[in-house]
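Undergrad: TrEMBL feature annotations, pasted as is:
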type     : residues : note
ACT_SITE : ASP212   : active site, nucleophile
ACT_SITE : TYR362   : active site, proton donor
ACT_SITE : HIS412   : active site, proton acceptor
DOMAIN   : 41-148   : domain 'Epoxide hydrolase N-terminal'
Amino acid sequence: MWRIGLTYFLVWRRKAKKSIPLGDGWWGHGQQTLRDDNKIYPFKVETSEDEINDLHRRIDQMRYTEPLEDCGFQYGFNSNYLQKVVSYWRNQFDWKKQVAKLNEYPHFKTNIEGLDVHFVHVRAPHRPGQKVLPLMLVHGWPGSFFEFYKILPLLTDTKDDLAFEVICPSIPGYGFSEAPHKQGFCSLDAARIFLKLMERLGFNKFYLQGGDWGSLITTNMAQMKPQCVSGLHLNMLAVTKGGVGMLLSLIIGPYLPFLVGFTREDVRRLFPYFEKNVYDLLMESGYMHIQGTKPDTAGCGLNDSPVGLAAYILEKFSTWTDRKNRDLEDGDLEKKYSLDDLLTNVMIYWTTRSIIPSMRFYKENFKTNPQNRVDARYVYPFPNELMHCPLPWARWRFKDIRSYSYMPRGGHFAAFEEPRLLAEDFVKFLRQTYE
C-alpha cells in the first residue's frame, strides 16, 4: 500500500465506555524516590568537536562488502550507494548546522517515573479570533521527534481559525529521552508517562496523532483516559482479532466486495492477500524478530559503527516509503527525503547511543502473547504498513470512527514524507469532531 498512498484511521474516542487502568511505574535506577521532581527544564541539543571527530574516525575505518550484481536493495542497503551516502556524511554534512536547526524549536525535559523525558513544545502565535487546541504527536521506530519538524509550522503557524499547540515527546529509550533501567517498559508504560506529561503541562483535554509505535502509544493513551482525549488520529493500524468475520471478508471480498463493506481501493490493496500481506510481511519483518528477541546482541555493532547504524536505519526509509524501491540501486532514497534530514535522524540515534534501547522496545512489547495484553481487545498494530486495514475491520476495534481517508501518495513516515497531506487530513478530521 505504500506505493499508492497512506490510509489514515481517524478515531473519536471521547465516549468510550471502558478504559485501561492507568497504574504506575518506576523505571529509574534503583529504588523509587519518595518525592518526584515535577519541574520542567529547558533543554538544548549540543555537540562538540570531539563528538564530530570521533564520528569521522569511525566512518573512515568502515570496511565495505561488494554488493551482488543488479540486486538493488533486495538484500538490504546497497553498499555501492551506501558509500555515496557516507561520503556525503563525511565530507559535506554539517552536524553543527543541523543542531542549530533542531534548536529552532523549544526543547524541554522533565522527570516522570524516574526517567528524564524529552519533548519539543511549540506554541502557536497569538492571533485574534483563532482557537488554539493542544495536540501531541508521537513518533515510532526508526524515527524521532525530528520527523515532525516539517509539519509543525503547518499546524502551529497558520492564519486559519484553528491552530495547535504541539507537544512532540521522545519515547523513553529514543533520542534525548532517558532509557528505562528496568525490564518490562512497553507501550502502556509510554502511554502512561505521556499522559502524565500532558497533565504536568496543564492539559486536561487534547488531541493525539501517531504512526508506527506512536499509533499504539496514542491508542493506549485514549484507552487509559478517554475523558481527556478529544480525538485520536492514526496513520497506521492493523487488526489481528477479526475471527470469522475477517475470514469471510477475505473469501468473499475479492468477488463481491460490497457484501463485506470493501471498496475497490480495499480490494486493490488487499488482494491477492497472500502476496500483498503474508509474503511481504515475511520479507520485511526480519528486523522485528531480531529486535523482539535479542536486541542487545544485534545492537552492539550498530552502536559501535555509524555506517552500520545508517545502513540499518536508512534502509527502512527506502523500503517503507515504497517497497518497489527494493529494485533500485539507490533505493530512491533521495526522491522524498534530503540526505541532510535523513542523516540528522541517524545522528539523533548515534549521538544519544539510543539504538539499543529503541530496539528493546520491541522485545518488551512482544515479550508475552499480544492477544493476552490488556489492550488486545481494542487493537494491535504491526510496526509497518504491509498489511492494509479496511474500514470494516477498523470498526471492530474503534466504535466511533469519524473519518477514514485513502491518501493519494505517501508511505510509512507520513509527517516526514508528506507533511502537508497529513496536516490537511488532520485538520479535516478535527473539523468533523470539534465541538
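Placed from the backbone N, Cα and C atoms, the Cβ positions cover glycine too.
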Undergrad: What whole-number Å value do you get for the CA-CA distance of the residue listed as 'active site, proton donor' and ASP212 (active site, nucleophile)?
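TA: Rounded to the nearest whole number, the Cα-Cα distance is 12 Å.
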Undergrad: I'd like the number of other C-beta atoms within 10 A of the C-beta of HIS412 (active site, proton acceptor), please.
TA: 25
Undergrad: What whole-number Å value do you get for the CA-CA distance of the residue listed as 'active site, nucleophile' and HIS412 (active site, proton acceptor)?
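TA: It is 8 Å, counting Cα to Cα.
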Undergrad: Looking only at the domain 'Epoxide hydrolase N-terminal' (41-148), what are its DSSP counts of helix, strand and coil residues?
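TA: Summed over the domain 'Epoxide hydrolase N-terminal' (41-148), the classes give 37 helix, 25 strand, 46 coil.
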Undergrad: For each of the active-site residues (ASP212, TYR362), count the other CB atoms lying within 10 A of its CB, then report the residue with the highest count.
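TA: Answer by Cβ density within 10 Å: ASP212.
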